[in-house]
Amino acid sequence: MEAFTKHTGKVVPLDRANVDTDQIIPKQFLKRVERTGFGQYLFYNWRFDMNGNPDPEFELNREEYAGGTILLTRTNFGCGSSREHAPWALLDFGFRVVIAPTFADIFYNNCFKNGILPIRLPEKTVDTLFQRIETKETRTLTVDLEETRISDGNGFTTDFEVEPYRRYCLLNGLDDIAITLQKEEQIHSYEENIPQYYRIEKEQGV
Amino acid sequence: MKPRTLFEKVWDRHVIDQEKGKPAILYIDLHLIHEVTSPQAFEGLRLNGRKVRRPDLTVATMDHNVPTANRNLPVTDGTSAKQMDTLAQNCRDFGIRLYDLHDPGQGIVHVIGPELGLTLPGKTIVCGDSHTSTHGAFGSLAFGIGTSEVEHVLATQCLQQLKPDTMEVHVKGSLPPGVTAKDVILALIAKIGTDGATGTVIEYTGEAIRNMSMEERMTVCNMSIEAGARAGMVAPDETTFRYLEGRPFAPKGEAFERAKEDWLELRTDEGAVYDRRVELDASQIAPQVTWGTSPGMGTAVTGRVPDPESFPTETEKKSAKRALEYMGLTPGTPMTEIPLDRVFIGSCTNARLEDLRAAARVVKGRKVNPRVRAMVVPGSQQVKRQAENEGLDRVFLDAGFEWRESGCSMCLAMNDDTLKEGERCASTSNRNFEGRQGRGGRTHLVSPMMAAAAAIEGHFVDLRNWNPED
């Protein structure tokens with residue numbers, strides 16, 4: 001996983017609440033067996049009409065937000081399906097940061113596994129950011145994970161919170177499977193004591 | 001010892017390591033996998049030269065994109081076929097038990113786990129699917145994970161987890177006739193919102209929950225994720241044990257008795273404290289119907305499509321307005337006057353034998369409205385066989401329903417079972433998101449009995465005073 005330390009990029013505002021992972025990556029694109037190549041399908045049903053033509057009104061299609069790498073959105077982003085294809089699509093499209101008042105749990109967790117930083121900010125601060133983007137006071141943001149600080153270099157600065165361990169793993173791009181594998185001894189001794197009735201052996205007829 | 005909740009007891013039993021300031025390392029007793037969210041995880045293992053630590057505790061099925069029409073024909077969708085072949089190959093390579101397309105045990109992963117007796121009280125159960133919360137109905141701690149975590153469990157049989165908060169959902173009183181478990185969970189989500197339980201594991205308690213069958217408890221726990229919860233749980237009791245006894249992978253004889261003693265410990269201690277608490281009165285719940293594009297956008301069948309301006313915040317007003325545009329609904333329309341094109345009875349929420357029985361009771365001797373195309377997709381091959389043994393297939397077929405093979409089908413429409421643009425569907429599934437059942441399709445979530453009655457009438461009806469002979 002690519003480490004995340006500090007990132008500066010253009011902000012794309014997506015002023016919708018409860019954006020579910022079916023919108024982020026519709027199911028018809030979940031049939032690939034690779035992790036890559038999902039960016040072209042990001043928000044597919046919102047970006048493209050029934051005939052595959054881009055909707056010029058949709059934020060991700062607007063010239064002024066082209067090349068954006070920071071997504072600003074509303075509460076409960078990433079709700080619904082656990083599909084990790086959602087962060088894969090965001091990352092492949094170029095997003096490294098998502099800012100929202102709240103995130104759904106599984107999506108939030110999936111982001112950290114893929115080098116995307118999801119940032120929770122108070123609703124009021126998110127409102128302010130939406131307004132500043134509207135008035136073009138804010139165009140880009142610098143997100144510093146080391147300092148847990150966001151600023152637009154134009155008068156807006158705020159601190160954010162992230163669980164210390166998640167921050168540590170993201171800063172160092174750690175492979176958490178390798179970390180767990182170091183616990184072999186504890187895993188092994190736990191396994192010795194699993195109740196017999198949790199073993200899955202042969203099926204026995206009903 | 002400090003009183004603990006059911007969740008804390010199951011959690012504590014599975015923590016193999018807990019360093020200060022770090023997530024717990026939690027042992028996983030059962031890992032369920034399917035064709036859509038596992039291929040990249042196996043690829044990751046191969047790239048890193050890692051093995052599956054416990055193939056014996058890993059069980060696979062094909063459900064998400066399987067065809068529900070004739071199983072004797074080859075799968076026509078090449079990319080779906082490739083995903084199924086990839087799963088079969090991975091299971092062969094790593095020695096994992098697979099219930100494939102032609103296996104009599106095949107079915108939706110959250111239907112077959114319990115029916116095979118793989119789902120047991122006190123287990124930790126994960127799957128790359130958010131509706132894994134279903135299994136919590138047995139007093140297991142069961143939650144959905146992403147593909148990176150699927151890989152983590154394959155490699156280590158463990159997960160790194162930060163401890164979630166707890167939330168008690170207490171459902172007092174008893175459900176009126178015509179009101180079901182589905183209505184309870186839809187009413188809860190309408191009340192607390194789709195992020196009302198974010199960051200928590202819900203425990204469902206109270207008389208209404210105690211009086212529910214296992215199938216009903218599964219329906220409730222299934223949609224915990226739609227309230228934002230990681231998992232939903234119900235403490236095991238005699239209902240649980242009666243369901244489990246004799247199931248293929250459940251312990252037998254004396255072992256079952258010993259297990260039962262242990263499982264009886266899995267209940268929240270007197271004096272244990274939940275981080276949050278919500279109460280519902282079952283007797284006040286009416287049959288529910290959703291009107292919008294989020295499971296929380298629901299109302300009683302006696303209600304009307306709301307006016308977006310009636311919502312308190314700008315964001316909610318906007319969401320409601322957008323939802324009504326997508327759904328093609330006008331504020332003030334009575335829910336019972338919305339005409340339907342399709343009815344789908346199926347999904348991991350509501351495609352178990354009891355669900356089909358309840359729907360069949362409503363349908364029996366009646367005909368599907370000629371405007372409506374209606375289908376029943378059993379949750380598993382076993383459910384299908386049992387239903388056929390009881391003659392339920394005839395009831396549905398005689399009424400004009402289609403009777404399909406088991407799978408996720410039109411709950412997420414990854415196979416050919418989809419809505420066309422603008423089609424409106426009464427669905428027993430769990431998500432009414434834009435495009436969920438097909439691009440431009442419009443989904444109303446309801447219980448199996450509500451869906452069955454809607455199929456007959458061509459619109460929603462209040463089951464509590466429905467008299468189809470009128």
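Any Cβ shown, glycine's included, is placed from N, Cα and C.
Record features (TrEMBL):
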BINDING   B:Cys348, B:Cys408, B:Cys411  [4Fe-4S] cluster binding site
REGION    B:289-314  region 'Disordered'
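Same-chain residues that are not part of B:Cys348, B:Cys408, B:Cys411 yet have a Cβ within 8 Å of the Cβ center of the [4Fe-4S] cluster site turn out to be B:Asp63, B:His64, B:Ile108, B:His110, B:His131, B:Gly346, B:Ser347, B:Thr349, B:Ala351, B:Gly379, B:Gly407, B:Ser409, B:Leu412, B:Ser429, B:Asn430.
The DSSP breakdown of the region 'Disordered' (B:289-314), given as helix, strand and coil counts, is 4 helix, 6 strand, 16 coil. Ranking the binding-site residues B:Cys348, B:Cys408 by the number of CB atoms within 10 A of their own CB puts B:Cys408 at the top. Sequence-distant neighbours of B:Cys411 ([4Fe-4S] cluster binding site) (same chain, 6+ apart, CB under 8 A from its CB) are B:Phe344, B:Gly346, B:Ser347, B:Cys348, B:Thr349, B:Ser427, B:Ser429, B:Asn430, B:Arg431, B:Arg436, B:Gln437.
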